Amino acid sequence: MSRRVVRQSKFRHVFGQAAKADQAYEDIRVSKVTWDSSFCAVNPKFLAIIVEAGGGGAFIVLPLAKTGRVDKNYPLVTGHTAPVLDIDWCPHNDNVIASASDDTTIMVWQIPDYTPMRNITEPIITLEGHSKRVGILSWHPTARNVLLSAGGDNVIIIWNVGTGEVLLSLDDMHPDVIHSVCWNSNGSLLATTCKDKTLRIIDPRKGQVVAEQARPHEGARPLRAVFTADGKLLSTGFSRMSERQLALWDPNNFEEPVALQEMDTSNGVLLPFYDPDSSIVYLCGKGDSSIRYFEITDEPPFVHYLNTFSSKEPQRGMGFMPKRGLDVSKCEIARFYKLHERKCEPIIMTVPRKSDLFQDDLYPDTPGPEPALEADEWLSGQDAEPVLISLRDGYVPPKHRELRVTKRNILDVRPPSGPRRSQSASDAPLSQQHTLETLLEEIKALRERVQAQEQRITALENMLCELVDGTD
């Protein structure tokens with residue numbers, strides 16, 4: 001299996017290791033909803049997990065440092081009236097997360113740096129435009145406040161979250177349920193997979209399918225696809241005999257795959273997590289207890305098997321940390337957050353190196369939190385690659401930044417071509433007032449808690465004095 005190429009790779013010795021028990025997150029009731037999303041999203045500040053909740057949908061957000069047992073009364077993010085199906089952190093604001101639900105809505109939330117005293121129930125904005133459940137979310141990689149959603153109505157909507165407007169609605173390109181959507185590196189193209197077995201490349205601003213492959217995989221199970229750094233596509237699917245496959249495609253020649261890897265026979269859909277800095281793709285299947293990883297190169301045979309991380313427990317979902325959230329001092333090149341039935345376990349991928357110096361070859365400049373474009377610039381046809389940062393001195397997440405939703409002058413906005421959207425939550429120049437009220441409530445609750453603790457301390461001191469007096 002191309003042993004010569006793998007042997008020369010700097011990633012040939014990459015190994016995975018589960019974090020110690022005290023670094024896991026325990027007693028989390030992970031959602032049991034049947035849906036092929038990762039159920040987990042992570043960034044350098046927070047870990048978010050879709051959880052079981054009565055009376056609607058919810059997810060929990062934990063600071064990364066809050067490991068160990070999670071209190072059963074820990075505040076949740078609630079507001080959806082049906083199960084949450086997907087969550088995605090904004091790449092340009094580590095305190096903003098979007099959630100999609102079976103209730104047909106998308107909600108965008110501001111997460112405070114401090115631990116809230118009660119459930120977070122008020123989103124910054126609610127986006128309504130789909131007629132059926134919304135199961136896929138993806139933020140634009142370079143444009144500020146641009147969010148994509150895909151629903152069971154076979155429609156893709158691209159929103160400007162900063163104004164609540166529909167920028168684009170792609171409603172006639174998929175005849176059946178959409179299984180996955182992925183942006184390319186500069187957000188000029190989309191790759192989609194659909195229940196009709198077709199892999200499509202779409203120019204969303206032109207509203208055109210620019211290339212397609214009718215049956216990239218012969219099997220009946222769902223497909224997934226992601227762009228590589230050089231514009232090729234990686235797809236996962238099934239053979240006619242139900243063997244799981246990984247294929248590499250050149251969009252300029254969609255007739256045959258550039259490379260095809262066949263693996264085991266299993267029902268679990270393979271979720272591909274691609275790292276453009278190392279050109280490694282990690283394959284995680286729901287129900288699997290392993291993570292396979294391959295290096296993608298521009299020399300035959302193009303897809304090189306590296307190794308498999310195996311554990312005893314099957315995974316219910318998986319989160320993938322952005323490169324800026326890794327520990328470069330330990331030569332960590334990837335970190336996953338594996339969901340079990342009632343816990344989340346970090347899994348660290350490391351390249352063994354003897355030197356303690358910064359490893360330039362492992363850590364090229366990587367996308368940072370600053371957007372390269374505004375939403376209007378992207379919509380007008382501009383493209384820009386991500387704004388890169390160096391990890392040489394490590395990465396420190398910026399302080400809390402509030403997402404402001406502004407309502408435009410109706411006379412300055414052309415009627416949207418896509419579905420209409422709810423104004424209920426976006427009529428929020430009141431957001432500042434709401435933030436102030438929330439902070440005042442938090443301060444009041446903290447004062448009450450301090451007062452109660454002071455009373456408890458006084459009572460304990462009195463009891464101690466009585467015990468001391470009784471022994472004298």
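Even glycines carry a Cβ here, placed using N, Cα and C.
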Requested in this report: Match it up for me: which of 115-149, 255-289, 290-324, 430-464 does Swiss-Prot list as coiled coil?
Outcome: 430-464
Query - Close approaches to the repeat 'WD 3' (122-161) from elsewhere in its chain (Cβ under 8 angstroms; 6 or more beyond its ends) - result: 35, 37, 79, 82, 85-92, 96, 98-110, 167-171, 173-178, 180-183, 185-187, 190, 192, 194, 204, 367, 371-379, 383-387, 403, 405, 418-422, 424-426, 428, 431, 434, 438
Query raised in the report: Within the repeat 'WD 1' (23-64), how many residues are helix, strand or coil going by DSSP?
Result: 1 helix, 19 strand, 22 coil
Requested in this report: Take the repeat 'WD 5' (210-251) and count its residues per DSSP category (helix H/G/I, strand E/B, coil), listing them in that order.
Outcome: 0 helix, 22 strand, 20 coil
Report task. Please average pLDDT over the repeat 'WD 1' (23-64) for the predicted structure. Result -> 95
